[in-house]
Amino acid sequence: MTIKLIVGLANPGAEYAATRHNAGAWYVDLLAERLRAPLREEPKFFGYTSRINLAGADVRLLVPTTFMNLSGKAVAAMATFYRINPDEILVAHDELDLPPGVAKFKLGGGHGGHNGLKDIISKLGNNPNFHRLRVGIGHPGDKNKVVGFVLGKPPSSEQKLIDEAVDEAVSCTEIWLQDGLTKATNRLHAFKAQ
């Protein structure tokens, strides 16, 4: 089993770039930077894309330029064009149920109220069986404050923890493609930024 498409969820535009909801894009941006594969806008895929070669595998990167709740349009366009199955896709997204400094891989499951995941599941023919990278951003403690929280910028102390978890997730993605998901998952799930 190999990954052929890695997606980082985000809202477009400078005003959202540093918000918690864009944590998935931070991960893809760092992966592209580390592997010297700059992202370029590709209108037919409704996003910024690049291509990397990891452990002999050809992997496409995508950061949709649609709004978060329309992310599925970009993912489905790329998956259809390159004939990529849902279980060959890794979607990185912000995760309220994990604290800053923690990131975890997961296969399948629901959308947990995340509008980006909800749209991707829908546009992949109601198929939730894609991989996810859940980047912890913490929870405001009150569900009525969630929207403002995810669209807000984390304080520098939290940003540092999120950045460290994203950095570790990039390293673990390279391990996944070279040595398999089990080894990558064991390492990532043992990590907690201090």
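If you go along the chain as it appears here, the first residue is 1 and each next one adds 1.
Placement of Cβ uses the backbone N, Cα and C atoms for every residue, glycine included.
The active site, proton acceptor feature in Swiss-Prot is assigned to H21; the stated evidence is sequence analysis. The number of other Cβ atoms within 10 Å of the Cβ belonging to H21 (active site, proton acceptor), over all protein chains shown, comes to 22.
Residues or ranges marked as tRNA binding site in Swiss-Prot: Y16, F67, N69, N115. Take the CB of F67 (tRNA binding site) and look out to 10 A: across all protein chains shown you find 16 other CB atoms.
In three-state terms derived from DSSP, N11 (site 'Discriminates between blocked and unblocked aminoacyl-tRNA') belongs to neither a helical nor a strand segment and is classed as coil. Taken from Swiss-Prot, the feature site 'Discriminates between blocked and unblocked aminoacyl-tRNA' applies to N11, supported by sequence analysis.
Look at Swiss-Prot and you will find D94 tagged as site 'Stabilizes the basic form of H active site to accept a proton'. Within its own chain, D94 (site 'Stabilizes the basic form of H active site to accept a proton') has L9, R20, H21, N22, A23, G24, H114, V135, I137, V150 as residues 6 or more apart in sequence whose C-beta sits under 8 angstroms from its own. Look at D94 (site 'Stabilizes the basic form of H active site to accept a proton'): DSSP puts it in a strand.
Put plainly, the recorded positions N11, N115 were compared by Cβ crowding within 10 Å, and the winner is N11.
Residues Y16, F67, N69, N115 are the ones the record ties to tRNA, and the longest Cα gap between any two of them is 16 Å. Around the Cβ of Y16 (tRNA binding site), 17 further Cβ atoms fall within 10 Å across all displayed protein chains.
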